[in-house]
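**Q** Take a look at the following structure, please.
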Amino acid sequence: MQSKRYLVLEDGSFYEGYRLGSDNLTVGEIVFNTAMTGYQETISDPSYTGQIITFTYPLIGNYGINRDDFESLVPTLNGIVVKEASAHPSNFRQQKTLHDVLELHQIPGIAGVDTRSITRKIRQHGVLKAGFTDRKEDIDQLVKHLQQVELPKNEVEIVSTKTPYVSTGKDLSVVLVDFGKKQNIVRELNVRGCNVTVVPYTTTAEEILAMAPDGVMLSNGPGNPEVVECAIPMIQGILGKIPFFGICLGHQLFALSQGASSFKMKFGHRGANHPVKNLETGKVDITSQNHGYAIDIDSLKSTDLEVTHLALNDGTVEGLKHKTLPAFSVQYHPEANPGPSDSNYLFDDFVAMMTNFKEKERHINA
């Protein structure tokens with residue numbers, strides 16, 4: 001017989017289901033993800049640090065978990081919520097079940113609940129604090145705890161690498177500032193021949209410039225960009241000296257460094273089916289996204305940044321470029337794994353930018 005578990009929200013509502021994953025019951029910000037596949041990549045995405053993910057697709061875990069598709073070594077989310085968790089997955093690459101991996105990494109979950117109802121609540125009221133309990137009589141106490149608890153402010157500190165390391169390539173050298181990077185960013189750069197040095201988020205502009213890279217990339221990561229104050233002088237110190245590409249949190253920090261401001265979204269963008277329009281080409285890409293903050297478009301008017309991409313669902317800023325310097329960014333994930341791959345060309349654009357900049361520097365110094 002399956003053990004009961006309850007998902008409790010800070011507004012006092014609760015949902016009865018059954019135990020999935022660990023008994024290490026946690027609290028966190030509850031969000032929803034609309035992707036139909038890629039649950040392994042989702043639960044191992046560091047951008048979900050401290051959050052509880054509600055999967056809107058009704059069946060999760062049906063192709064198991066394998067060792068190759070993780071986006072980080074250790075998942076850092078605080079829980080998952082599913083309608084149905086497959087107990088008997090089937091795939092030739094499968095090595096563990098979803099339940100096994102959640103238990104291994106001390107991540108609790110709940111299955112057998114109405115995920116549509118939970119998603120509607122989040123859409124109507126915004127993201128909420130939530131937690132798990134296995135005892136119905138503890139629900140009232142948990143509600144009080146959720147209403148009072150302060151969630152961590154700087155999740156980047158949890159997931160950023162503590163020491164630099166290198167993923168070897170043969171051509172251009174890239175410094176990747178790790179705010180909670182997904183492994184597929186490194187893969188996409190390596191595939192294009194880039195030698196990637198991953199550095200902590202506290203690395204200074206002087207330390208980066210001393211490495212003499214051909215380009216700098218700011219990774220994705222969790223939480224509020226305004227908390228990551230140390231990144232602002234770093235970005236300002238490298239801008240114009242070497243080509244620059246920011247993704248997700250890196251995009252937001254790029255904008256903040258130039259005088260723009262950010263805001264917390266009601267329920268964010270999380271999924272693999274978000275349409276984004278490229279304003280320069282008119283093309284629409286289907287993108288993978290995972291962010292709860294966005295850049296205020298009006299705050300860009302007094303900056304040297306130009307909007308290059310917009311979300312078609314709500315009109316929020318999805319891409320920027322500097323008007324005169326070799327620097328650009330996108331709010332979404334061009335490295336999306338398992339997909340979509342509509343925006344992979346942005347890595348090619350970055351490589352071309354580095355190559356052209358290097359050639360110009362060579363002519364200037366000749």
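Cβ coordinates are placed from backbone N, Cα and C, and glycine is handled just like the others.
Heads up, here are the entries from Swiss-Prot:
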REGION    1-171  region 'CPSase'
BINDING   SER47, GLY221, GLY223, LEU249, GLN252, ASN290, GLY292, TYR293  L-glutamine binding site
DOMAIN    173-360  domain 'Glutamine amidotransferase type-1'
ACT_SITE  CYS248  active site, nucleophile
ACT_SITE  HIS333  active site
ACT_SITE  GLU335  active site
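Would you situate these features in the structure and describe their surroundings?
**A** In three-state terms derived from DSSP, TYR293 (L-glutamine binding site) belongs to an extended strand segment.
Averaged over the domain 'Glutamine amidotransferase type-1' (173-360), the predicted model has a pLDDT of 97.
Taken residue by residue with DSSP, CYS248 (active site, nucleophile) is part of neither helix nor strand, so it is coil. Around the Cβ of CYS248 (active site, nucleophile), the same chain contributes SER47, SER219, ASN220, GLY221, ASN290, HIS291, VAL330, GLN331, TYR332, HIS333, each under 8 angstroms and 6 or more positions distant in sequence.
According to DSSP, HIS333 (active site) is assigned to a strand segment.
Around GLU335 (active site), the C-beta neighbours below 8 angstroms that are at least 6 residues distant in the chain are LYS182, ASN184, ILE185, ARG187, GLU188, ILE247, ASN344, PHE347.
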**Q** Counting across all protein chains present, how many other Cβ atoms fall within 10 Å of the Cβ of TYR293 (L-glutamine binding site)?
**A** 17
**Q** Over the residue list SER47, GLY221, GLY223, LEU249, GLN252, ASN290, GLY292, TYR293, recorded for L-glutamine, what is the maximum interresidue Cα distance in Å?
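**A** Taking every pair of listed residues, the largest Cα separation comes to 13 Å.
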**Q** What does DSSP say about SER47 (L-glutamine binding site): helix, strand or coil?
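**A** Reduced to three states, the DSSP call for SER47 (L-glutamine binding site) is helix.
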**Q** For each of the binding-site residues (GLY221, GLY223, GLY292), count the other CB atoms lying within 10 A of its CB, then report the residue with the highest count.
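**A** Neighbour-count leader: GLY221.
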**Q** Count the Cβ atoms, other than its own, that fall within 10 Å of the Cβ of LEU249 (L-glutamine binding site), considering every protein chain shown.
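**A** Counting Cβ neighbours of LEU249 (L-glutamine binding site) within 10 Å gives 30.
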**Q** Around the L-glutamine site formed by SER47, GLY221, GLY223, LEU249, GLN252, ASN290, GLY292, TYR293, list the extra residues of the same chain whose Cβ is within 8 Å of the site's Cβ centroid.
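**A** Other same-chain residues near the L-glutamine site: GLY180, ASN220, PRO222, ASN224, PRO225, CYS248, HIS291.
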